[in-house]
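Listed in Swiss-Prot for this protein:
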type	residues	note
REGION	1-53	region 'Disordered'
REPEAT	293-326	repeat 'TPR 1'
DOMAIN	342-586	domain 'Clu'
REPEAT	510-543	repeat 'TPR 2'
REGION	631-655	region 'Disordered'
REGION	893-925	region 'Disordered'
REPEAT	1040-1073	repeat 'TPR 5'
REPEAT	1082-1115	repeat 'TPR 6'
REPEAT	1124-1157	repeat 'TPR 7'
REGION	1197-1274	region 'Disordered'
COMPBIAS	1200-1217	compositional bias 'Polar residues'
């Protein structure tokens, strides 16, 4: 796309991936442009790109305009389409007013959909002409919507899938605080920070902002709209009403020729031009308003200036992703979310989609399938196809989620109103909806509603896997699952022929089980495509038998169905059984029966098991060859003449390099074992038994290898530690572990002792939160909509607020209750005791784990509240939530609010311990009510939770993987080129705001950091923070890691005070989502300590080292090498703080531990001994070493893999080599900016550095939690 200030592409050359990839081998070094896009727009070249070289078809053209400034320059690429150039023009500040126009070259109109390379004679410095077009009604409506957004007259749209503050980013507010800190000479941001202090909920709330300059009072449709028939004949399209800042009201006619002021008043209709005092008209509404309002131009410039102060990413609209909805939002009474009057809000649907809404009705299924059939031969074809696919999935997911919410609320009429509620089906916006419940008894033998609910969730995962494989000739319907108010709703695009009445004797399904497993259909046309699918998913071709015992050979599970659509396409449906059942789980006796028989293995596990078996095969093959080689050598030595030594070495080398042929290896699992199939012959029974053994081996692999390895990795600190329920779930899923194993993992974690207390706490909390979710969903399913908040508040009080009120009563409006005589109000009967019993039962049944006797007394209330809110889609209004009677304010509580905004300095400290602060004012007192932790008014909103089947871009991932491989092979330039290409592809295909793009920003920022391009690293890390906040949440675990990365890069760039602000924010977030003393916070505290040393704040630095030591001792014990490493660092810090006595004491402790753990000859021990002697002998050596210490500590921190974000791609559970993406952990973790210093340091003959690096290798396996420290102390 053409470069504009409205688009965030890194360098113009990236717009032509076909050229770039083909030239990758010979291309020159390309650096990412970390500057704002405006600087690359309008004729400016990104570094490394020369226009005369026309690299990637890049050149500059001029555009002649009908109005000021009459001519602009635009950088374009020969690969992009004319419509991309149009978009560039629309986004440039000097050409904002144009929306309805076409482009001409040499007097001929250029088609919008051709590439620039196809325009005859168009070359560098050519001039194209912008010609204004007559408006149509649709163009006029779009123009009005666009102008309202530009001049800031558009208020917030009320949206049923985007909640309050959707897509919020706090980065700008934090950055402003950092900028103020950097500019001032005052104390740094950590000077009075309480490391073990309580969390403040203000951390995750938007900061109050200065209102933007107002350009007009309103732009709305006039009451005279729409135009009567006889005036439509004369070109009248719309009638508008504009009120300027001066208070004047103008009636405006939107005409095919443009906009003009008419003679209408509120009482008189005369839509013809007003000529007195003079005729006012313009092609653009923006130009017309500037003629009518004297203050408009200055206020519009002020608005643009104010918008330019913000990072463009924070205001960029979402295109290919659904924004994150924060769980905590400002209270409705606060000024931040005050509801403003805006008459046009109710008119926007008409402006966007016309009178009958027909413009937004799409044939989703046909769009999906025609997109899938697009050519994919060239790179350019693939870019276009994947870009379209990504946009289509995003549009469908949004439309389907909206419809699902309406279905859940009962606002869509069912197609079969006489059926039971769970069996009803709906069609809305060309999307077919049904409930994720067993309305027709399909899953009666599998567990009924529970099984159906799980099946539709697994179906989406299966469809996502098939979409990712992108098999030619196999089609899937667009599918989405939405959880909302206790209901699970499935939305699917309508497959042609799915509702068709078949002839007698014909099956509704063409391949697979028909209505269960009693009838099985086969069709020769499905065999080739299902064969490809099964091969990719490791599914074994196997026989199944129908109710008459007849054998049918199927490529997939009997549950997976093939349907030949009336459009001639082959569709695959019901993909919830693409992996086998977890046989061991089913057979394992729990105290209660598991709720369903849909407990299947994860695809990640099957892939992991396949790699494991292949590895065994390769080892066996290598061993077989070695034995054969030795036997052959023995024969040769007896018979043949002796070879020359060199020739023998060469032949051996050739044999070593020979690759093992894995074509003889195959592993495929039968998904239908243990599912009621009855083999008929002895041979079939034998084969079936073999299939069952393979599945059992896979289950055993999960239990005996995957789960123990994960627990051990977390115990040893080999991987990033999860912070909350979401990051824990991601970690388990990545390893192929199902959530039902939370209980087993908790038992294994407990057995490991105190070091994994943090993991045990997280696992138990996740089980409780999920049990509560199931219970709440059961209550919510039939609760009338106005009582949802009452139900949720009451259940939360029973779980979290029993100490404040042991017998909470649901707040229900009795007069409103009478309106719903058939509503289900059973939630009222819930008590703290009954809810605890229900949770214990759910945990026992679902996770086969017994909670401790008084588990409810050790809850982490705020963290559990957050987890539950995220799982149920609740948005809570912020205030001081009180969960303990001791923290209640002493004054009488009005309206059950518990003193929100209560300003008692004595109780404030106590209150903050549990909940945090709030800037919302106290609500007006109405009457005294019993104290409650959560009141109905706290439940501001409930948002739908969406599970989609959108595939990732294979092209962008291929470019990224090629870049990584090149870097691993030390082809730095090519690797950078390919990774930049991948970034361009990510941005083109996904759009800017997407979690996948955020991950890539992380990785790329790390790459630039390692290559000493610090500014680019900081810029990309900043983008990673904003995109992560907006797509994953302002307090997600990924956001914390993004801020920590950014802090390191800022520090490396010399902005240490800024870095400390980001660390402070990350620590504050940590307190909210996990609480204090997270295992990974040790490294962060060390970072902070080193940065403070850099600022010569030795006293504060020492406090952070001491805090790090406390956490380390609690996790690893007093006598661990990790603790010794921190003691060593702390002793140095004390020396810098002139505390020689303390320094000697800590260094002695470190020496004793090293001596005990590593022995007297280890270099760690020797170095500690040397330091100890020097510190003890005299204070002179302290002064002598002071400068060395500071410099060396800085190097240490930069060598810390974990600190530098070895998890640059922010996934908890990633190991160091994985995240580095280029080299092994020890290499990637080096701070490239100090590589030269390091070399000088080592060459200078200082033994301490060398000795410690060797120790690190010895100690890493057993104590990698502080690998950074070990390196540094190494």
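Note: Cβ is positioned from N, Cα and C throughout, glycine not excepted.
Note on the repeat 'TPR 5' (1040-1073): DSSP counts are 31 helix, 0 strand, 3 coil. Highlighted: of the candidate stretches 510-543, 1040-1073, 1124-1157, 1124-1157 has the greatest count of Cβ pairs under 8 Å to the repeat 'TPR 6' (1082-1115).
Confidence across the repeat 'TPR 5' (1040-1073), taken as the mean pLDDT and rounded to a whole number, stands at 94.
In the repeat 'TPR 7' (1124-1157), helix, strand and coil residues by DSSP number 31 helix, 0 strand, 3 coil. Residue counts of the repeat 'TPR 6' (1082-1115) by helix, strand and coil are 31 helix, 0 strand, 3 coil (DSSP-based). When the repeat 'TPR 1' (293-326) is classified with DSSP, helix, strand and coil residues number 18 helix, 0 strand, 16 coil.
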